[in-house]
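Step one of this worksheet: look at the structure below.
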Amino acid sequence: MVSFSQQTYASRGEKHAHPVIKQLFATMERKKSNLSLAADVGTKAELLEIANKVGPYICVLKTHVDIISDFDRDLVDQLQALAAKHDFLIFEDRKFADIGNTVKLQYGGGIYRIADWAHITNCHVIPGEGIIHGLAEVGMPKGRGLLLLAEMSSKGMLATGTYTDKNVEMAVNNDFVVGFIGSRRFTEERDLITMTPGVGLHASDDALGQQYRTPEQIITENGSDIIIVGRGIYGPGKDPVAEAQRYREAGWNAYLNRINLMYFPVAFQVLFLLLLVAFGWCANLRYLSLAGIEVRPVLQLSQLPTAAYSNGDNVSDSSSANVSVHNDGLRRGVFGLAIVLSGIALAGWTLCLMFSVSPAMQTCITLITYMIVIVVLVVPRRIMFHTTRMQLLHSLARIVKPSMTDPVYLCDIIMADILTSCARIFSDLFLVACRFYSLFWLSRRKSLGSEYDGGISEYIDSKRNASLCADAGVIGAMLVAMPYIFRLRQCVNEYLRSTAGSSDAKRHFANAVKYASSIPVICLSSAQKRAAVDRTMETKYSDWCLRLAYALWILAVAFNSLYSYYWDIAFDWNLGHLSDGTKLSDLVAPTEPSISSAKSSSTVGDADCDGEAVNVGSLDVEEGNHALSHVPLCYSSEEGVWSASKFPLFLRPQLRFGNPLLYYAAMLFDFLLRITWTAKLTSYMHIDLMAYGGFWLNVLEIYRRWQWTFLRIEKEVAVS
Ligand SMILES: O=C(O)c1cc(=O)[nH]c(=O)n1[C@@H]1O[C@H](COP(=O)(O)O)[C@@H](O)[C@H]1O
């Protein structure tokens with residue numbers, strides 16, 4: 001059985017037996033809103049004004065009528081009229097807490113007569129189950145619903161552990177109860193909604209112990225259904241309409257992100273992203289051929305211990321002198337394999353969409369799709385792009401092997417760098433596996449109907465986390481770190497293989513530091529998530545932990561991203577030369593061979609390096625490589641080296657792709673994409689909160705790596 005939090009509001013509404021919840025889900029779907037306004041204002045006029053302004057954006061108006069100084073019957077009539085006009089439900093947050101007989105009188109009588117007009121109300125179960133029966137006697141005949149306060153959002157709240165469990169037990173067994181006030185999804189036994197107060201666009205606190213978490217944490221991660229927001233919308237200096245729109249959007253996108261697990265399940269997002277990497281590599285090979293760059297020698301493929309595999313699918317091509325044919329041989333294998341895998345992924349995804357009403361079936365189809373993909377990749381038989389598959393698997397094996405003595409080939413370096421760009425995708429994959437495991441475990445637990453055994457799920461459940469996998473974040477973080485550790489190992493390996501004290505050794509060491517600097521970023525990011533979860537559990541020190549982790553994370557990520565960017569430009573692409581030939585990196589770090597001593601393999605005629613017009617050079621290229629006609633190369637035949645006096649600022653003399661604008665654009669995009677983390681520092685650009693935010697972030701990173709690969713290989717040829 002799939003979690004209710006992975007089903008759409010619409011489908012849950014259709015299946016729900018309770019009239020209030022049916023109406024609520026339909027309203028939410030219609031208005032694309034899971035936002036409830038907590039209208040804690042002191043007068044009738046204020047309440048009506050805010051309800052009228054914000055009404056179009058909310059699904060529920062939550063009131064505290066006992067704080068309205070001039071409450072009267074007319075207020076109720078007007079509120080009901082607004083509820084009809086703007087299409088929302090009314091929830092009187094009365095928090096009943098007396099014996100059954102008393103709450104019956106409080107609910108149905110007095111000056112407020114709450115049961116007459118509030119669709120929903122709530123209670124504490126501290127007096128025992130009698131309170132629910134008392135309220136149900138009044139509310140049931142009127143078709144009302146009740147929420148239990150299973151948890152509270154304030155610091156030091158006592159609704160935890162067994163008390164919360166008791167709430168869930170009582171709710172499951174009583175039809176009048178429609179859900180909970182709490183921070184997460186509590187049960188899968190019945191579709192009981194969760195409404196969560198203490199929501200802000202930033203996680204923070206107020207002066208009186210209220211604790212705020214973001215819509216993403218509440219809706220996507222914790223599986224709650226509705227966010228309750230008060231002062232975040234109408235607090236001092238706020239524009240209630242603009243804020244309500246922002247919260248509605250944030251809440252709804254967080255819900256869409258959760259539901260995407262159903263329409264575009266993460267399992268298929270992962271497959272398509274990995275295929276995007278493969279097709280990107282095909283495009284790299286294609287355009288490198290057009291620029292006259294043959295990748296086989298650059299990537300050192302013929303030096304591989306497994307070079308025998310190049311006698312497979314693409315051996316026939318390797319005999320050709322034609323660069324484009326050489327690259328095409330490689331490309332054909334990768335392209336063919338990617339097409340086969342795309343076919344499998346598309347078939348699996350289509351079947352999943354066809355069976356979207358049966359989540360169990362979807363799970364089954366996804367698992368089968370993955371099994372087929374794995375079999376296609378590893379089947380040892382000489383079929384289906386055997387060479388490409390073996391090259392891939394052997395490269396992966398070399399990357400993973402913890403050897404400090406084996407040679408490190410450029411193809412493995414580039415592959416490991418591509419893996420670092422896929423790091424988030426791998427942790428998503430782990431989440432998928434975890435989710436499958438959790439669902440399997442849930443159904444097993446249900447079928448046993450008794451205590452369950454140990455393992456990760458028990459640990460997760462003991463932490464009372466309804467998204468089940470959020471606590472497995474530590475393993476997710478380790479997975480993200482793995483590719484960086486592989487790449488770090490390669491650098492250390494290269495360092496140990498180079499002559500002590502040489503500039504090569506220093507460069508490998510500095511590169512190793514770069515990869516090592518990504519580990520604190522990953523750990524601190526994971527620590528922040530951990531502290532945010534603990535915060536909801538009232539763990540001691542979690543507040544200052546969160547602040548400390550955030551501050552350290554900013555420092556670590558700023559250092560890592562700027563250092564990495566500098567490395568991309570100065571070393572991986574060998575750009576950043578000043579026009580007098582000084583290489584920027586010479587000024588601050590050990591360098592690769594300087595351009596002034598670098599010889600190009602190109603054949604170029606003499607040029608007038610002092611004049612404006614310089615010889616373009618023929619550069620051994622295929623006919624039709626027009627891009628090179630822009631290369632402003634000049635060559636001093638006396639010194640036998642390139643003159644550095646004529647090339648565009650911050651580039652280098654040898655530009656195999658010709659047009660300098662391409663290099664400038666690559667430098668700019670690389671910078672922008674290296675600092676996407678800064679979007680997290682502002683509440684206006686929370687990419688994670690956008691629909692498919694995580695998916696698009698991965699696409700951007702794949703793009704960054706794709707353009708990086710072009711220039712990384714081009715640099716090997718141009719400056720060698
Ligand atoms: O029952 C509630 O709605 C509630 C439960 C809880 O644990 N914490 C909590 O803050 N609330 C209510 O949620 C609203 C939160 O308002 P703001 O802190 O201004 O967003 C208030 O109306 C509280 O009474």
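Keep in mind that glycine also has a Cβ here, set from the backbone N, Cα and C atoms.
Per TrEMBL, the substrate site holds Lys62, Ser153, Gln210, Gly230, Arg231; the candidate it also names there, chosen from Asp40, Asp77, Asp175, Asp191, is Asp40. Residues 6-8, 331, 334-335, 337-338, 341-342, 345, 348-349, 352-353, 356, 359, 362, 366, 369-370, 373, 418, 421-422, 425, 428-429, 431-432, 692, 695, 698-699, 702-703, 705-706, 709 of the same chain, all 6+ positions outside the transmembrane segment (262-283), place their C-beta atoms under 8 angstroms from a C-beta of that stretch. The number of other CB atoms found within 10 A of the CB of Asp98 (active site, for OMPdecase activity), across every protein chain shown, is 17.
Listed by sequence, the residues of this chain that lie at least six past the ends of the transmembrane segment (334-354) yet keep a Cβ under 8 A from its Cβ atoms are 263-265, 268, 271-272, 275, 278-279, 281-282, 285, 313, 362, 365-366, 368-369, 372-373, 376-377, 384-385, 388-389. Beyond the transmembrane segment (548-567), the same-chain residues lying 6 or more positions past its ends with a Cβ under 8 Å from any Cβ of the stretch are 510-511, 513-514, 517-518, 520-521, 524-525, 527-528, 531, 585, 670-671, 674-675, 677, 681. Figure note: comparing Cβ neighbours within 10 Å for the recorded positions Lys62, Lys95, the maximum is reached by Lys62.
The candidate set comprises the recorded positions Asp40, Asp93. Of these, Asp93 has the most other Cβ atoms within 10 Å. Reduced to three states, the DSSP call for Asp93 (active site, for OMPdecase activity) is strand. Arg231 (substrate binding site) has a Cβ environment of 15 other Cβ atoms inside 10 Å.
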